[in-house]
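Heads up, the thing below is written out as structure tokens.
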């Protein structure tokens, strides 16, 4: 039998080294499938490969994790200093040209779009690395997100699509349960998720100094989560309620001017916010207030939104929103009421109507008059404005345009606010913009999230705080106004969920 020239010329010592290396590598990689390391014929001694593993293990211990679905995943998760970084050997990425094709392709398995970090509580979605939790609410949580491409931090709100579809803004609320849609209705009815995408496309195009900017939205089709990326405002909410040191009257006036301009801009875009309150008003670096958190907002058609559902925070709800009459009510007037409650909080550090029980709170909102404490003393003009904003009749309640002209707001005309035409321009979106309003995360991101849960030995939502159920309540503000700090920079979340109270679902 003839032997090939390559085999005849092979050094016996090299052949021995090859066999020893094959046995050693097989022992180290017995849990992985793949090509036999000895097939290359020039493997170095096993100590060369071991040296590339031990230093990495000393500086960054390899976490012990269960294998989930495929070998690709374990390769993607391989820590720094592993055999993928060896300069020689069957899995090296060095200049050797005699490696097996399968071994050569292994480094390309690692994705730069979706990956999971070895650090605790860190998941990466596309270019965003999710870090600590900075807020929470009834519809999801807010996490600090680091954009590696831009070297910049954002706030990523993780929302439940099921809850979003139930409460998110539609042109009209769906009919009551059990009723059927009328025959011969509108020519085109958008699917629920399409309606959400349409409104997201509008929110992405909103551009106003007093409205928080929505950067982009990521969607994982295989999961319930929807990820909204917002500008990060590190100064946080304008105030936490209750507050022992409320704002001076002049500071409250300046903040109200910002809120009214932002609210007028939203109404111009045919959006009602439905959850105006101090924790949803964030301070920018320039000291101006920005309206945030559109989790229960509504888009409307015509001159005003005609609403029939209850949403928002109980202590900030208008009487008509909690009425048992079943009649529809104005969305714009709803926002004015909530802004009036917010203004009251600014100067008194608490809500005008307080009770630990939801039914008692509703009764006070609908029936009791607004009471002004003796301290701190405020001007009669401010009291007049608050009473007009907290008019229990939405038909006679003051509107945004009249608030802008109120003597307390303008200092009797000395500081007029810009007209609607000067600071509002209607945003229109095309079908293409609606189509591209949400970026889809590759479906195998689900596997990454599952791996994160397995690593934490928890099968719950990795973004959901454990104490959420303990803090949820329908009463307000008593048990719901958890924090007592106030003032600028009380905390550093952008778009926190709900702190005065969680939005009612």
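Cβ from N, Cα, C; glycine included.
Taken from Swiss-Prot, the feature region 'Disordered' applies to 27-66, 460-505. Among the features that Swiss-Prot reports, phosphoserine is placed at 67, 74, 100, 458, 475, 492. Here Swiss-Prot flags 78 as asymmetric dimethylarginine, drawing on similarity to another entry. Taken from Swiss-Prot, the feature phosphothreonine applies to 108, supported by experimental evidence. According to Swiss-Prot, the domain 'Protein kinase' annotation covers 128-409, on the basis of sequence analysis. The annotation ATP binding site is assigned in Swiss-Prot to 134, 135, 136, 137, 138, 139, 140, 141, 142, 157.
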Revision key, fill the gap. Its Cβ having more other Cβ atoms within 10 Å than any other among the binding-site residues 134, 142, the winner is 142
Revision key, fill the gap. Counting every protein chain shown, other Cβ atoms within 10 Å of the Cβ of residue 136 (ATP binding site) number 25
Check your understanding: Do you know the mean pLDDT across the domain 'Protein kinase' (128-409)?
Key -> 87
Check your understanding: Three states by DSSP: which one describes residue 134 (ATP binding site)?
Key -> strand
Check your understanding: Including all protein chains shown, what's the count of other C-beta atoms within 10 A of the C-beta of residue 140 (ATP binding site)?
Key -> 26
